[in-house]
Ligand code: MSP
């Protein structure tokens, strides 16, 4: 039986169009999902939209629309973006979906029944923009939130609370494992919240309507974060009459990876595990909390207004170019930059000059010297092919720990070595001197390595991969991790395709 793999992104707020920051997380998830499929996993990839809450209600009012009309318009833009970015998800969940709404009410009721949720009152500072109660560590002296810079308001109302404080020991044990990455984030959560003063969380609101009403008290709507976090299991049928997906993808045997940006680590590493434990479900195997894309030294964000539009980038360059930059140039354990110059430089150096140039030089020589088809030759013992085989293994090790950036860099390094091998072995001289056997060996070694390079970039370069492989005389579907090392029957290469045109 295939092993099951479940990967999720945050569900994004439709309070405006998505920007490069959202495209970052979703592309990470898509690439890992495609890689896992190549490895033979059965994959479920979830993304979606987080549509309730006061912020959305306000936005809709500003636009003279009902909240649902407003979110329908924005969410259509999400779906369109994922389509042109080649994001291949299995479900796009909306928190306004009927099955989700039903299941969230059930979740609330069952926690209430277990006395893990209780009626109370809440008093404190609240950031509407982030839909979050703030602790003193999260604000400056004038009560401005240190993530979005907006002023938090005073808040006092009747509410229901989730007994988070009961779970301190549970969380400490959880944090002793390596479920949360990177390590720095773990320390932050332990010091600022878990070991410090772990408070219960208010999980209903009475001041507005745009949310999921609880069955027990019609004045209360469920706090957006309780509603939103639940999506990861409601999408799999939790509390519905068909929970076969849940049994398959959220089980002890499945691998669950949740990818988020670092600013929502608290919700995903503290409240979410508490909810799961309360419901008797396992915690995700890995919570990957990546850094921010910065603009200057600030987080790129809608509320700051310093965002880049992914649609524009895709239309100007290509989805592959954007996917490549995200994976290669933005390692998840740090903050990263996205500027036009960096983007173009990376594309030209890595795709046009390195990989693209390699493929075009080699295919041209195969066409010119061997009429498009090399006589079959086994090169598996050649040092550079061995290097290619090692790259496959090292790449897998890195991808298996979700280090996609370093994995990609290994592939690019192999490309550089192949280019250097062309310079060193000078096939054009071999041809002139009539050293046909040597010429055949050089080109066969390069052809094999190009197949390896192309295949390892397949999860990223969704659109270009078929052409890369065809350019070597193979069919895109016929290569997999299993047969990678075998001696392929290459077909005659006829076309000279330009794969990555240099950006001027
Ligand atoms: N709706 C909540 C998430 C609920 S999940 C149960 C939310 N939405 S959001 O629209 O604000 O999206 C936040 C996410 O978008 C981040 O966690 C991250 O995945 C992505 N990013 C938004 N801006 C980003 C950067 N500047 N850099 C990196 N990622 C960014 O929070």
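In case you wondered, yes, glycine gets a Cβ from its N, Cα and C as well.
Over in TrEMBL, the protein carries these features:
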type: DOMAIN; residues: 5-139; note: domain 'Methionyl/Leucyl tRNA synthetase'
type: MOTIF; residues: 12-22; note: motif ''HIGH' region'
type: BINDING; residues: 127, 130, 148; note: Zn(2+) binding site
type: DOMAIN; residues: 146-362; note: domain 'Methionyl/Leucyl tRNA synthetase'
type: BINDING; residues: 298; note: ATP binding site
type: MOTIF; residues: 299-303; note: motif ''KMSKS' region'
type: DOMAIN; residues: 382-461; note: domain 'Methionyl/Valyl/Leucyl/Isoleucyl-tRNA synthetase anticodon-binding'
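The structure, with features from TrEMBL marked on it.
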residue	record	CB count, 10 Å
127	Zn(2+) binding site	24
130	Zn(2+) binding site	20
148	Zn(2+) binding site	19
298	ATP binding site	11
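For the domain 'Methionyl/Leucyl tRNA synthetase' (5-139), DSSP puts the residue distribution at 65 helix, 35 strand, 35 coil.
The Zn(2+) site is defined by 127, 130, 148, and by the 8 Å test on Cβ atoms against their centroid, the other residues of the chain that qualify are 128, 129, 131, 132, 134, 145, 147, 150, 152, 303. Note: the Cα of residue 130 (Zn(2+) binding site) and the Cα of residue 298 (ATP binding site) are spaced 16 Å from each other. A separation of roughly 19 Å, to the nearest angstrom, links the Cα atoms of residue 298 (ATP binding site) and residue 127 (Zn(2+) binding site). Under DSSP, the residues of the motif ''KMSKS' region' (299-303) split into helix, strand and coil as follows: 0 helix, 1 strand, 4 coil.
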